[in-house]
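Trainee: Dumping what TrEMBL says about this protein:
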ACT_SITE  D301  active site, 4-aspartylphosphate intermediate
BINDING   D301, K302, T303, E420, F467, K490, R523, T604, G605, D606, R713, K719, N742, D743  ATP binding site
BINDING   D301, T303, D739, D743  Mg(2+) binding site
DOMAIN    765-1015  domain 'P-type ATPase C-terminal'
TRANSMEM  177-199  transmembrane segment
TRANSMEM  232-253  transmembrane segment
TRANSMEM  800-817  transmembrane segment
TRANSMEM  829-849  transmembrane segment
TRANSMEM  879-901  transmembrane segment
TRANSMEM  921-940  transmembrane segment
TRANSMEM  947-966  transmembrane segment
TRANSMEM  986-1006  transmembrane segment
Amino acid sequence: MLKTFQDIEVNNRKVKVHQHDGKFAYTEWKNLRVGDIVKVEKDEFFPADLLLLSSSYDDAICYVETMNLDGETNLKLKQALEVTSSMHEDSHFQNFRATIKCEDRNANLYSFIGAMELEEQQYPLSAQQLLLRDSKLRNTEFIYGAVVFTGHDTKVIQNSTDPPSKRSRIEKKMDHIIYFMFCALFTIAFVGSIIFGVLTKNDLENGSMKRWYLRPDSSTIYFDPKRAPVAAIYHFLTALLLYSFLIPISLYVSIEIVKVLQSIFINQDLQMYHEESDKPAHARTSNLNEELGQVDTILSDKTGTLTCNSMEFIKCTIAGTAYGRGATEVERAMGRRKGSPLGNGKVNGVTNTLDSTDTKPIVKGFNFKDERIMNGNWIKEPRADVIQKFFRLLAVCHTAIPEVDEDTGKVSYEAESPDEAAFVIAAREVGFEFYKRTQTSISVKELDLVSGRKVERLYKLLNVLEFNSTRKRMSVIVKDEEGKLLILSKGADSVMFERLAEGGEFEENTMEHMNEYADAGLRTLVLAYRELSEEEYNEFNQKFSGAKNSVSADRETLIDEVAEKIERDLILLGATAVEDKLQNGVPDCIDKLAQAGIKLWVLTGDKMETAINIGYACSLLRQGMKQIIINLDSPEIQALEKTRDKAVITKASKESVRNQLMQRKVQHTASSANHDAFALIIDGKSLAYALEDDMKQMFLELALECASVICCRSSPKQKALVTRLVKTETRRTTLAIGDGANDVGMLQEADIGVGISGVEGMQAVMSSDIAIAQFRYLERLLLVHGHWCYRRISTMICYFFYKNIVFGFSLFLYEAHASFSGEPAYNDWYLSLYNVFFSSLPVITLGVFDQDVSARYCLKFPLLYQEGVQNVLFSWRRIFGWMFNGLCSSIIIFFFCSKAMEHQAFNGDGKTVSRDILGGTMYACVVWVVNLQMALAISYFTLVQHIVIWGSIAFWYLFQVVYGAMPVNFSTNVYKVFVEALAPAPSYWLITLFGAITALIPYILYSSIQMRFFPMYHGMIQWIRQDGQLNDPVYCEMVRQRSIRPTTVGFTARKAANSGRFESRNQQLSPS
């Protein structure tokens, strides 16, 4: 209903639409049609997918906020075609006629293929001219646009698919318990009905009535011996209704209430609040709270998840010479591994120095220190001409937008990625300041080699060959002031080196430096250029324009093919190296998760060397851990790749991966007796073959036996496939965590998707189940809230079945005692209100407030988390144990009450008990027992729990007084029973007291024996707290080392770091 009202409100919004004669008038969104010209003003939403025609700016640009689409808050720049950019007035559209041909409707937000025919000329259209519905116009007074898609055809509606439905394992198991209880209900009802039918048939023998009080001689159907089968069927239906209290229908409602309240506590946890970004944790769904306590494997992205995705330009190699003296976090970690913290040392032949006297203001995105380059000193370098071209390329080859502060004159940049922003900032700091961009030009203030002064240079922008994940590079073709045509390219080394001209000067040195940068955990890009002839460019431009004007589905392929021909024979300039620093607390968080026995897989698009060194920096890999590396870098495969025979390459590559997996499996098996820790590292090409149906099981078996797994060069699809493989084959809970759009598939595929609200926008958050601001908060989310929620929900469900069995089975026992007459032991209102007032609130407070151990102890003893992974608190043994406890309590209550009242007077008047008195006494015992059982099950009492437990008992007595005082036609068989019969009788209070105590004795005995002789892990920690042994390091270490499962990531990681320390523990933790 709410969604309907929202739709009505949106459809009735108004926008200006061109009517005729250059006049615009307001009309409702729902009346828009394809081809309408609309005028959208500042801070208004776009009513449909529009083709931008012009704006209030002379160069027809506009700024768009797409938060409603992808959650990103940074503004996007859109620009109209130059041919329509001059239409700034309403009157200009009086005689405007054009034809638009474009692709069919689709859900891709980031691409658009089309062409506009205007005055017999055809102009290509791209996503740069498309304004999407529900995005907002910002920092622009107005725009004119033509409606391309409306209503359900718009891209935002095409994207509004239902997210995958996720249910926790506990909920699914609870369904099976309900099925079991239904079977039990039908069974006892069926058995009781058969017995009732037999007894009814034999009620009249030779004219005498066995059960005379049922008057079988005058009964019509229910007790008629002549119609015993029919009577049995009626009894079966009656019994189903009577015993239905065995099925806890209110359980589902109570669990939903509890989960919502648990989610509120997660959202309000100040220790998961990131002050810098003003973002708290946000549980976007309450379905999976308990799953947080059962995570077996975490699959994590690297960039923006483990790292900040805040890139800093720190080093570069130009003309074969390495520049940059800063030391990265990875280099410092490598120094610590070798026992020599990195202060001053040589990397790439450059001395790293940490200059504490450097007082220069810190520039975000720029951490480059080298006196040979800074302050214009690069002019004195031997290859100053190459350095000039290097930084000029960084200042020109990009899609960033400059914003000049009118007060200070400082230039800031809006870029599509942190990498690109870092490159433009680096160029500016060195002396190549990009300050203006139009549709056809880029303006740069740069240092002139000849005069030594800053000059303004204009580069005519002819073509932009955009970056995508397939090309892995971007290029621009520009014409400088001297009339030279230049193609400037930057991209990944895997695609750039093969496009270089033969006989390059310093390829070998550059490659060597890049490998060392990768070892230092830096992200690298190769920079290259070449000069074009007029003939070559004209030929290219003709084909490129033809490809862009194509409206076919393979338009992108055609563009890539044309670009491929121009991006060749490039001249190498050098390579950049930017650092993506680790987030605060990542190493400690990973170490704590490892100690908790949680496996961590990292799925990244980075090079293998970079991923490995980041793994060391964040403690995912440790010294002494044996690395199993699977790749396709063997000389045989490389030789085959030169033949370009795809079939042969595919067959050989697949066989190579298979052989490597088999060999590594044998290697691991041979070393397993020594308890060596292994790390599996596999690249993207190998992973593609390892995920095929005939090999994925072998890959998974090897991966599961390793302490750490790193998948390098992984595509978004591979991330999702790996997540699906782990989830489906292990049947354990998986958690995926990421921050970008490329992680959405992985988040949706995992049992739990955690999105990090980083700088890559909010797409991951919008597709996630839980959002956090930093990776380190995962530690508290899982080890504290996850453990608490799992324990609370598990205990809550078990207790729910317990209390319903106590109540429902007492009804069955009474009916059996009354020869299955179908008469309930309790008043109708007693039956109805049991699960509403007398036993519901305590179990809800348990689900919200109970803590077996405090947050401090959860983090101090992380192996406590394994109780959830092993599901020891919601195993079938524990579930049936609680059910058996309920049966025992019910049997004790019934027989204790019935036998205690059977043969003696109930009060001083000598009266014996009636059904109403027996039912009232039994009900009192049930209320006391189930509430006292709750008090025994609670580990952490709060004032709220005291109020609801003792309040539920008190309310039972208050209800008897009030309800019993009502007129007899309303209170029926309990009219003044409590006030006049039960309360004055001492035997009632004695039976209630001793009956309740007796019913609880089995649970008390079991709990005492278990705690004393077979303590669970949380029980041992409770003893530490109780005995005040928290400060005893020996005892705490003994408890910490007592793992539930013999082999965990934490165990192997700690053993690898100090194998001697754990030699004795291996015997203690050997599988039983």
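Cβ atoms here come from the backbone N, Cα and C positions, even for glycine.
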Trainee: Given the recorded positions D301, D739, D743, find the one whose Cα is closest in space to the Cα of R523 (ATP binding site).
Mentor: D301
Trainee: Using a Cβ-Cβ cut-off of under 8 Å, list the residues of the same chain that are 6+ residues beyond the ends of the transmembrane segment (986-1006) and lie near it.
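Mentor: Sequence-remote neighbours of the transmembrane segment (986-1006) are 885, 888-889, 892-893, 896-897, 900-901, 906-907, 917, 921, 924-925, 928-929, 932-933, 936.
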Trainee: Show which residues of the chain containing G605 (ATP binding site), separated from it by at least 6 in sequence, have their CB under 8 Å from its CB.
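Mentor: In sequence order, T303, G684, C712, R713, S714, S715, N742 meet the Cβ cut-off.
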Trainee: So which residues does the transmembrane segment (879-901) touch in its own chain, when a touch means Cβ under 8 Å and the partner is 6 or more beyond its ends?
Mentor: 177, 797-799, 801-810, 813-814, 817, 912-913, 917-918, 921-922, 925-926, 929, 933, 987, 991, 994-995, 998-1000, 1002-1003, 1006
Trainee: On average, what pLDDT score does this prediction assign to the domain 'P-type ATPase C-terminal' (765-1015)?
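Mentor: Here the mean pLDDT over the domain 'P-type ATPase C-terminal' (765-1015) amounts to 90.
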Trainee: Looking only at residues six or more beyond either end of the transmembrane segment (947-966), which have a C-beta under 8 A from one in the stretch?
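Mentor: Sequence-distant neighbours of the transmembrane segment (947-966): 829, 833, 837-839, 841-842, 844-845, 920, 923-924, 927-928, 931, 934-935, 974-979, 982.
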Trainee: Which range wins on Cβ pairs under 8 Å with the transmembrane segment (921-940): 177-199, 232-253, 800-817?
Mentor: 800-817
Trainee: Given F467 (ATP binding site) and D743 (Mg(2+) binding site), what distance in Å do their CA atoms have, once rounded to a whole number?
Mentor: 19
Trainee: The transmembrane segment (177-199): which same-chain residues, six or more beyond its ends, come within Cβ distance under 8 Å?
Mentor: 210-211, 228-229, 231-233, 235-236, 239-240, 243-244, 246-247, 797, 801, 812, 815-816, 819-822, 879
Trainee: Rounded to the nearest angstrom, how far is the Cα of the residue listed as 'active site, 4-aspartylphosphate intermediate' from the Cα of D743 (Mg(2+) binding site)?
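Mentor: Between the Cα atoms of D743 (Mg(2+) binding site) and the residue listed as 'active site, 4-aspartylphosphate intermediate', the distance comes to 7 Å.
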Trainee: Consider each pair of residues in D301, K302, T303, E420, F467, K490, R523, T604, G605, D606, R713, K719, N742, D743, all listed by the record as binding ATP, and report the largest Cα separation in Å as a whole number.
Mentor: 26
Trainee: Tell me, how many other CB atoms lie within 10 A of the CB of F467 (ATP binding site), whichever protein chain they belong to?
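Mentor: Step by step: centre on the Cβ of F467 (ATP binding site), count other Cβ atoms within 10 Å, giving 19.
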Trainee: Provide, as an integer number of angstrom, the distance between the C-alpha atoms of D739 (Mg(2+) binding site) and D301 (active site, 4-aspartylphosphate intermediate).
Mentor: 8
